[in-house]
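*Asks:* Here it is, the structure, as C-alpha cells.
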Amino acid sequence: MSEYKDTLNLPETGFPMRGNLANREPEMLKRWYKEDLYGEIRKAKKGKKSFVLHDGPPYANGDIHIGHALNKILKDIIIKSKTLSGFDAPYIPGWDCHGLPIELMVEKKVGKPGQKVTAAEFREKCREYAAGQVEGQKESFKRLGIMGEWDKPYRTMDFATEANIIRALGKIASKGHLLKGFKPVHWCTDCGSALAEAEVEYKDKVSPSIDVRFKAADEAALLSKFELTEGHEGQGDISIVIWTTTPWTLPANRAVCLRDDLEYVLIQTEGDNAERIIVAAELAKDVMDRAGIEHFHNLGFAKGADLELSQFQHPFYDFTVPAILGDHVTTDSGTGVVHTAPGHGQEDFAVGNKYNLEVANPVGSNGVYLPDTELFAGQHVFKANDAVVEVLKEKGALLHHHAYEHSYPHCWRHKTPIIFRATPQWFVSMDQAGLRAKALESIKNVEWMPEWGQSRIEGMIEGRPEWCISRQRTWGVPIALFVHKETAELHPNTLELIEKVAKLVEEKGIQAWWDVDAAELLGADADQYEKVLDTLDVWFDSGVTHFSVVDAREEYNGNSADLYLEGSDQHRGWFQSSLISSIAMKDEAPYKQVLTHGFVVDGHGRKMSKSIGNVVAPKDVTNKLGADILRLWVASTDYTGEVAVSDEILKRSADAYRRIRNTARFFLANLSGFNPETDIVPVEEMVALDRWAVGRALAAQEEIVKAYEEYNTHGVTQRLMQFCSIEMGSFYLDVIKDRQYTAKRGGNAQRSCQTALYYIVEALVRWMAPIMSFTADEIWNEMPGQRDKFVFTGEWFDGLFGLAEGEELNNEFWTEIQAVRGAVNKLLEDARKEKTIGGALQAEVTLFADDALAAKINKLEDELRFVLLTSAAKVKPLGEKTDAAQATDIEGLFVEVAAAEGEKCDRCWHHTPDVGTIEGHEKICGRCVSNVDGEGEVRKFA
C-alpha cells in the first residue's frame, strides 16, 4: 500500500475536527473587531432595502442571564439572515438606564440623595454606575457573537436620548393626551412627602381589625341576584360585610370589591337580632366565628359577577357605593369583600379607575383629616381609628372589632407608620383624545407572531387604566413642564419650552432641568408658574425609543421598525408602552411585526432559581462549550413556548454541532488541491450523482431561506441537520469516498465530485452563518478560491442548480436507489454478523428484481457497485432468483450476498479478478492502474 499511498487523493485541511470553541472563539472575536466586521457589513449593504429590528433595552443592572442570551441571539440570527437576504439591517443595541434598581445600588454606596450627597451628585453617581453596568453586559453580549453598533449603542441616559424623551413628552402633550390626576403613593406624614418604594421599611404594627356592614340600598334588587335555596328570602336587614385593618380610610370608601368567580353566600342569622349577611362562601364560617354568631344558616348563593354594580349604603355617610369586581380579591383572610378607597391604595386606585370611581383624599400632607371631612375633621388619621370604630358602633355598622398584629409599611427616616395617599400625578390618557380606540385599530395592522399575541394585547389595551407616567424619583428623565400655581394648567407655550429644555438637556443631561432658573425660560411669567419635579416612568423612556432612537439615528435612514422581538411578558410592558406612545405621537404603530419568545425553564419545566440550583449562566456555557453551542441551542428550540435548557439539553446541541462540523470538515478536506478558477467542471460534464447532490442543496437552500424569512430557526436547524446527516452523510458522502480518494488526480471523476462539494459548501457555510457564526467564519477562511473577507458581507449562494428537466436520473430515481441501497445494507450487515464477509468490499451482491425495478437499477450500469459500496454487483431477472437470495423490504427485490471473487486491491481495497494480472502493478486492480498511470476511469453515474 505504501508505494501507492501518494497516488491517492487523501483528504487534507487545516479545519480541525474538534471545535475547541471556548478557546478559539475569543481569538476570532479579536479579529472581527480589529478588522471591523460590523463596519464591513454596513459598507457592503449600503443602499440596499432596509430592515429594522429595534432592540428592546435590557435594564443596565447585573450580569446577563440565559433569557438575555436567548433574546439577543435570536435577534442576531434574524439580523444576519436578513443581511444574507440582501437587506441593509443595522443593529443598534440599547440599554434602559434610569429608575429605582440603579438608585438602590447607588444608595448602598453613597447614601440617599439629600443626606451625604446632593441630588445632583447622586444623579451623577447613578450615571456612572449605569455606564459601568452597560459595559459589563456589552462584553457578555459580544462574547455570544452578537454583531452590532457596540461602540455607539443607545442608552436612555445619553444626553441626546434624554432630550428626545422630553421632546416625546411634549408631542404627546400637544396632541391632547396628557392628563393630570391623582394616584395613591406611599406618604410619610412626618416628612410631609411621598416616599419611593426604596424608602419604605416593613415592621410589625398593631391595628384595629374590623368587620363592617354596608347595608343593601335596594334589598329586592339584590335578592333577585341570588339563587335562594330555602324557598324564602329570610328576615332582617341585608348587609355585605368588608374587613379592614385601616378604619381611618373608611371616609374615603367609594366601593366594595368582589371577585367575579367567587361564590358569595347570603347568610340568615338566628335569634332576636336576626339579620342577613353577605360574605364569600369559603370564608363564611370564619366570619361567623369571629363575630361570635353561633346560629345561622344559608339562604342562597350568587357569583361575584352577578352582584356587580349592586348598591350599598356607606356605613356613616349619606351616599351609596357600588359593588365592583377585582382580581386582587382573595379568600386568604377577611370576608372575600374588599373595602375600596381609591385615594388610599394602589389596587383600590387601579380597580377604581376601571369603574371611574372618585379618588377621594380627605387627608392632608400632615396626616390630618381636611377641614371639610365630615365627623373627623382635624384629627390625625392614626388617632382617628378609635373615633371611626365608635361611629361604626353608633351606626350599627360594626359587626366585629379586635386588635390585630401585622406587617405594615414604615418611613425609613422616622420609623413611623406611613399611609397611602392620593397625590397629583401625570397620566397619558387612554380616552381623552381617543388614544385607546386608535391603538386598538392599529393593532389589526400589525403581524403578531404567534397569532395569540394580538388578542392578548387587545385585551390589555381594552382594559387598561390611564398610564401614570410620573414618579417621585431622583434618577430619571424629568417631566419638564411648567404648571400655573393657581389653575394647575400647563404653560400655553409648553411645546416651545419643551424644545428649549431639550436643547439644554442635549448639552448637559437631565441635571439641566433642576439647575435651570424658571426665569431663564419664562421671563416675566416665572412667578406664576412652578416646575414639575417628578420624573418619568422608565417604561416611558423605553416606550418612546421608536422616536428617541429609531427616528433619530442616521443608521436607520428614516425607516421605522419592521420588527420588535422580546419575551411574551412584554405585551404588558414594552410592546404596550411603545404602541401607546407611538399612537399618541404619530397615530401609527411603531412596528410592523411583533415576535415573542417564551421564558427559559430547566429540563423539568421549572423556572430558573438560585435556591433550586438550576440556573444556567451564559458565561458558564461559553467558557465550557462555546458560544456556537449556545447559539445552536437557541436556534433549535421552538421558542414560541417555554424554552428548556439543562446540561443534558446543551449536550444534545453539542452532539448536533459535531455532526454539522464533521460534515463541513469532510467538504473542506476533500477540496484540497481544488481551485474554483480553473477546476470547475461544467454542469453537463458532471457525474449524475454530483448533479443530484447540488440539486438537493438547492432544495434545502430554498426551504432554509424560507424558514429564516419566517423567523423559524427551529425549521432551519432541522433542515440543516437532515441535509448534513441524511442526504449527505448517510448517502452522498458515503458513496463518493471511493471516487474522491482513488480517482485520477485532476481527472473529471474527481473534479466533478469536488465541483459539487465546492458548490455545496459555498451554500452550507451561508446557511450556518446566522446561527453558528464562529464556525461559519472558520469554514469560510478554509475554503478555496477568491472571496470576501467575511461570509457575513455576502448573500445566499446563487451558484446552485437543480436537475435539468427530463433528466433520466431524477430525484425520484435517486430516492428509489437509496431505498435499494438500504435494503442491501441490511443483508450485508447480516452477512458480516454471520462472518460470510468481513466488510462490504469483500462482498459481491446479485439483485433479483422485477422488470420495472431492474430497468431502473440497470441505468447505473457497472457503477451500481460504487453506490452499494461492494466490490461487485449484478442485476438479474426476478424469475432467476436462487435459493440463497433473500427477500427485502422492497417488493419485487431479492438479494444474494456472496464473498467477492479475486484478490484485494492494495490501493482501493476492492476485490477484483484482475488483481495480480497486470505486469508492473501486481498488487492493484485495473481501475487503479488506469487512475495511476493511464487517463483515469470514466464515471457517468456515481
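Cβ from N, Cα, C; glycine included.
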*Asks:* If I go by Swiss-Prot, the feature motif ''KMSKS' region' sits on one of 362-366, 452-456, 607-611, 782-786. Which?
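*Replies:* Comparing 362-366, 452-456, 607-611, 782-786 with Swiss-Prot, motif ''KMSKS' region' matches 607-611.
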*Asks:* Checking feature assignment: motif ''HIGH' region' per Swiss-Prot, candidates 58-68, 586-596, 641-651. Which range matches?
*Replies:* 58-68
*Asks:* Would you list, in sequence order, the residues of this chain other than Cys905, Cys908, Cys925, Cys928 that have their CB within 8 A of the centroid of the site's CB atoms, where the site is the one recorded for Zn(2+)?
*Replies:* Thr742, Asp906, Arg907, Trp909, His910, Thr912, Val915, Ile924, Gly926, Arg927, Val929
*Asks:* For the motif ''HIGH' region' (58-68), how many residues does DSSP put in helix, in strand and in coil?
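*Replies:* Counting residues by DSSP class gives 3 helix, 1 strand, 7 coil.
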*Asks:* With DSSP as the yardstick, break the motif ''KMSKS' region' (607-611) down into helix, strand and coil residue counts.
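*Replies:* So the counts come to 0 helix, 1 strand, 4 coil.
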*Asks:* Can you give me the Cα-Cα distance between Cys928 (Zn(2+) binding site) and Glu566 (L-isoleucyl-5'-AMP binding site) in Å, rounded to a whole number?
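*Replies:* A Cα-Cα distance of 60 Å.
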*Asks:* Taking the Cβ of Cys925 (Zn(2+) binding site) as the centre, count every other Cβ atom within 10 Å, in any protein chain shown.
*Replies:* 28
*Asks:* Could you state the whole-number distance in Å separating the C-alpha atoms of Lys610 (ATP binding site) and Glu566 (L-isoleucyl-5'-AMP binding site)?
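*Replies:* Cα of Lys610 (ATP binding site) to Cα of Glu566 (L-isoleucyl-5'-AMP binding site) measures 24 Å after rounding.
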*Asks:* Using DSSP with the three-state reduction, classify Cys928 (Zn(2+) binding site) as helix, strand or coil.
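*Replies:* The residue in question, Cys928 (Zn(2+) binding site), is helix (DSSP, three-state).
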*Asks:* Using C-alpha positions only, work out which of the binding-site residues Cys905, Cys908, Cys925 is nearest to Glu566 (L-isoleucyl-5'-AMP binding site).
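*Replies:* Looking at Cα distances from Glu566 (L-isoleucyl-5'-AMP binding site), the smallest one goes to Cys908.
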